[in-house]
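Written out below as structure tokens is the structure these notes cover.
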Amino acid sequence: MEPRSIEQPLILLVDDDIRTARLLAHLLEDDGFRVELATDGALAIARLARTPVPDILVTDFRMPHADGIAVARFARSLRPDLPLFVVTGYPELVARLGRGFAPEAVVHT
């Protein structure tokens with residue numbers, strides 16, 4: 001009997017910095033995840049509108065056309081239990097990101 005193939009989780013990775021996105025995608029793929037890239041918020045929202053909804057969402061905060069919060073809100077409107085990560089390279093935005101989230105849900109690195 002052949003081992004049953006289990007499909008790896010699909011991550012939608014959203015970042016307008018393509019170099020950062022490709023690096024992170026490579027690291028995630030090395031850890032066994034499948035990764036789809038979207039290079040701005042509008043493209044991510046269009047992707048989320050299609051099925052299937054990914055298993056995990058990782059989105060940059062500051063992007064053209066739609067920011068990461070808009071992407072996260074749209075994703076959660078489709079699937080309220082969707083695990084998601086909003087990341088930013090702008091420390092001044094962390095306070096804004098933290099509003100509306102439980103304190104333990106905001107990770108500072």
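Yeah, the Cβs are placed from backbone N, Cα and C, and that goes for glycine too.
Annotations in TrEMBL come from automatic prediction, not curation.
Among the features that TrEMBL reports, domain 'Response regulatory' is placed at 10-109. Secondary structure of the domain 'Response regulatory' (10-109), assigned with DSSP and counted as helix (H, G, I), strand (E, B) and coil, comes to 44 helix, 19 strand, 37 coil.
For Asp60, the entry in TrEMBL reads 4-aspartylphosphate. Less than 8 angstroms from the CB of Asp60 (4-aspartylphosphate) sit Val14, Asp15, Asp16, Asp17, Thr20, Gly68, Val86, Val87, Thr88, each of them six or more residues away in the same chain.
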